[in-house]
Amino acid sequence: MIVLDTRKYNYVRLHGYVPLRTTSADILIKPLHFPNLFVLESEALFSMLALKSGRLITARNLHRNLRPVITSQRSRQISTYNVDIAGLTEEQAEFRNAVAEFAERELAPRAAQIDKSNNFPSDVWEKLGDMGLLGITVSSKYGGLDLGYFYHTLAMEELSRASGSVALSYGAHSNLCVNQIHRHGTDAQKQKYLPDLIAGKKVGSLAMSEPGSGSDVVSMSLRADKIDGGWKLNGNKFWITNGPTASTLVVYAKTAPERGSKGITAFIIENTFEGFSTHQKLDKFGMRGSDTCELVFDNCKVPEENVLGQVNKGAGVLMSGLDLERLVLSGGPLGLAQAAFDYAVEYVHDRKQFGQPVGTFQLMQGKIADMYTSINASRAYVYAVARACDRGQISRRDCAGAILYSTEKAIEVALEGMQCLGGNGYINDYPMGRILRDSRLYAVGAGTQEIRRMLIGREFNEQFKSS
């Protein structure tokens, strides 16, 4: 892949053009994941296309092969995201803008209805695949972008800003399922499962929790017994994101129950396997567009080649995945907090009482200042941890700390944003209630706030015990 350096190369930046092809027959603008012509509505989206195509696209060999199109103007809520303070490179900023514009176009107008209907919009999966967002951390050999966890966190943040529930399902698919298969799967498993998952043709999920084992996940009771040619699974999984629609699931089960955490194995399950089924879809308080249900394994037969990693070594797969899960999902609270703040700060400068915008009153100024600084402090921590992970410096305490802090601040900002809207903040014609309900998920999902605090404290206990 060629990473375009805009300081060195003059690649084209355009509004409102459709690229057809270059004058050179061997350089096509349209990369593999974009089989149809479509409108480039921003320079950021064009930059992302250039990055995905892996080729240098220059202005000189394009100008004669472009045709203008008419694009509609959409009203758009302001964004107070500060790229300079966030410390993004030019390429990272362009990537973020591309995701933000996609989310604004495809998700934001539907967010309220998604929440109301309690249904994930199924057409979004292939659109996410076309954008390349379902395989950000995956090798290009399997159709991924070959980027890191920082980019993945940026995508999670921007999708969450438009729709928290769509972003949660996206995170479960792209990180909990796709990334785990990419990290621990055999080449045959990757070749079989990743291309369709990355293209959005199939939906992925991960199943750890059970009715009787949530925070104490290693106490799981789903059992896998050895049979000729594979394994037979019996038991249940609960609170499974994407469960109702997933075709490919990473599932943890006990292959040697007497060995406790050292007797867990990870499996790749297909929803067509004999003995696999789903039960009722859950009616949740928030994240309502993120389909969630119970999984049932009744003598579910799994081929030997579908063991992910090594037999009885699943706890290591699980725990290492949890660190990266906490990091990437930290982008969710960031996006929700940003959405709440952007809406609130615009509202308080439009709404007038006593002959002036309510945002000019000192008490409201105080709220604005507190919300803004909370968001930026959260973002600075999350981004720092993401950059460290990309350097291979994965810190369990800081992955837990990033989602702990960003979650607390997102809930606080959503509550303050609701207060800024007064009575309107309490009615469902405005988005604050949905944002608050969605943000609450992160206080219990991907581990509770209490477990995160325990992990951080335990890490320090271990550090001082060995010193």
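Cβ coordinates are placed from backbone N, Cα and C, and glycine is handled just like the others.
All annotation found in TrEMBL is predicted automatically rather than curated by experts.
For reference, TrEMBL has these:
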type	residues	note
ACT_SITE	E325	active site, proton acceptor
BINDING	206-215, 239-241, R351, Q362, 419-423, 448-450	FAD binding site
BINDING	S215, S261, K262, D323, L324, E325, R326, A446, G447	substrate binding site
DOMAIN	89-201	domain 'Acyl-CoA dehydrogenase/oxidase N-terminal'
DOMAIN	206-300	domain 'Acyl-CoA oxidase/dehydrogenase middle'
DOMAIN	312-459	domain 'Acyl-CoA dehydrogenase/oxidase C-terminal'
Mind checking how the domain 'Acyl-CoA dehydrogenase/oxidase C-terminal' (312-459) divides into helix, strand and coil residues in DSSP?
119 helix, 4 strand, 25 coil
Please list residues from the chain of G447 (substrate binding site) whose Cβ is under 8 angstroms from its Cβ, counting only those at least six apart in sequence.
S215, L322, R326, A400, I403, L455
Could you give the mean pLDDT over the domain 'Acyl-CoA oxidase/dehydrogenase middle' (206-300), rounded to a whole number?
95
When you measure from the Cβ of S215 (FAD binding site), how many other Cβ atoms are you left with inside 10 Å?
12
Nearest of the recorded positions (K262, L324, E325) to Q419 (FAD binding site) - Cα to Cα:
E325
Can you figure out which of K262, L324, E325 (the recorded positions) comes closest in space to S209 (FAD binding site), comparing Cα atoms?
E325
Rounded to a whole angstrom, what is the C-alpha distance between G422 (FAD binding site) and K262 (substrate binding site)?
53
Per residue, counting other C-beta atoms within 10 angstroms of the C-beta, which of the binding-site residues S209, T241, Q419, Q449 reaches the highest number?
T241
Most crowded position, judged by CB atoms within 10 A, among K262, R326 as binding-site residues:
R326
Write down the Cα-Cα distance for L324 (substrate binding site) and G212 (FAD binding site), rounded and given in Å.
25
Using C-alpha atoms only, work out the spacing between L324 (substrate binding site) and Q449 (FAD binding site) and round it to an integer in Å.
16
At a 10 Å cut-off from the C-beta of L206 (FAD binding site), count the other C-beta atoms across all protein chains.
28
Longest CA-CA distance among S215, S261, K262, D323, L324, E325, R326, A446, G447, per record bound to substrate, angstrom:
23
Cβ neighbours within 10 Å, counted over all protein chains: which one of the binding-site residues G212, L324 has the most?
L324
